[in-house]
Amino acid sequence: MQIRKVTKYLLEKYPLEKAEIWDPAGFSVKFNLSEKLNGIVCAIDLTHDVLNKAILQGANLIIVHHPFKFAPTWKDELELAPYKATILRNLKKYRINVISLHTNYDNNFEGTSHQIAFALGLQNKIDFAEPYPCLINANLSINDLKQKLTNSLNLHSFRTNSMNTNKKYKNIAILSGSGPATLALALKNQANLILTSDIKWNEWLLYKEHNIDVLELSHLDEQVFAIDICEQIKNKFSDINVTTHLMVEPYTNL
C-alpha cells in the first residue's frame, strides 16, 4: 500500500480547510508518498522517543497532533527548538514522513474535546450541538472529574479556582488544549464548569471576575488523538502496522 492512501483518507476526513488560520497542520516533512507504507506511529508530539520507535519498527509515517514545524522556516523552527535538528536529520536519513492533524481534527464533530469525553465514559452525556467545545450534561464534581481523568488518561496535574471541589456541576464544557478564555466566557450561560489547559494569569483573573469555575488539566489530555487515529486506521486498513506512543506529563507538581 502506498503512503498516500492513508494520508489521503485522513486529509479527506480532516481537511486542512477546517484548520485555524494560524495553524500549519498538514505535512511537516514529506517525501515520495507513492512509496510503500511500512508502518505508522501515532503520537501527540514528535519527540526523540517517537522517532526512535518509528525507526525500530521500520515505520515511514508519523502522525502527530501538534505540528512538528510551527515556524515559517526550518531556520526559525530550529532556533526556537534546537532539539528538533537531530530529529529532522534522522527523518531525512530514514525517509520518514510527518503529518499533523491539529485544529482540523479539533474542529471535527468527534474531535479532541469529544474524544476526551469518550475516554471518560461520558459518551451518553454529550450534547453534539457544537464540534468544539464538547458540552456535557452530567452531575459531576471536580473531584469526580479528577479521578476519571487520572484513571482514564493518566493525568496528575490539576488546578482549579473553585473552593468546593465536591460541588456537583450539571453542565460542563471541555475545551481541549489551550481553550480560549473568550470562548469560555461566551459559554458562561451554557456551562457552569470549564475544563481546559494552559491557563494564563490574565485568564485566571477573567474567570474570577466573571465567576466562572474552571478545572485546568494538562495539555496531555489531547493524547486521546493518538489513540483515536490509531484505532481508525486499524479499522479502515487491516493490513497496516500502526502503533501509538503515549507520553507522560513531562513535569511534576511540587
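Here the Cβ of each residue, glycine as well, is placed from N, Cα and C on the backbone.
A TrEMBL annotation is a machine prediction, not a hand-curated record.
Since the structure is predicted, the reported quantities are computational estimates derived from the model, not experimental observations.
The annotation divalent metal cation binding site is assigned in TrEMBL to H65, H66, D106, H219, E222. D106 (divalent metal cation binding site) carries a helical DSSP state (H, G or I).
DSSP assigns H66 (divalent metal cation binding site) to coil in the three-state reduction, placing it in neither a helix nor a strand. The C-beta environment of H65 (divalent metal cation binding site), restricted to residues of the same chain at least 6 apart in sequence and closer than 8 Å, consists of A43, I44, D45, S100, L101, H102, Y105, T112, E222, Q223, F225, A226. Within 8 Å of the centroid defined by the CB atoms of H65, H66, D106, H219, E222, the record's divalent metal cation site, lie the Cβ atoms of I44, H102, T112, S176, G177, F225, excluding the listed residues themselves. Of all the binding-site residues listed here (D106, E222), the one with the fewest other CB atoms within 10 A of its own CB is E222.
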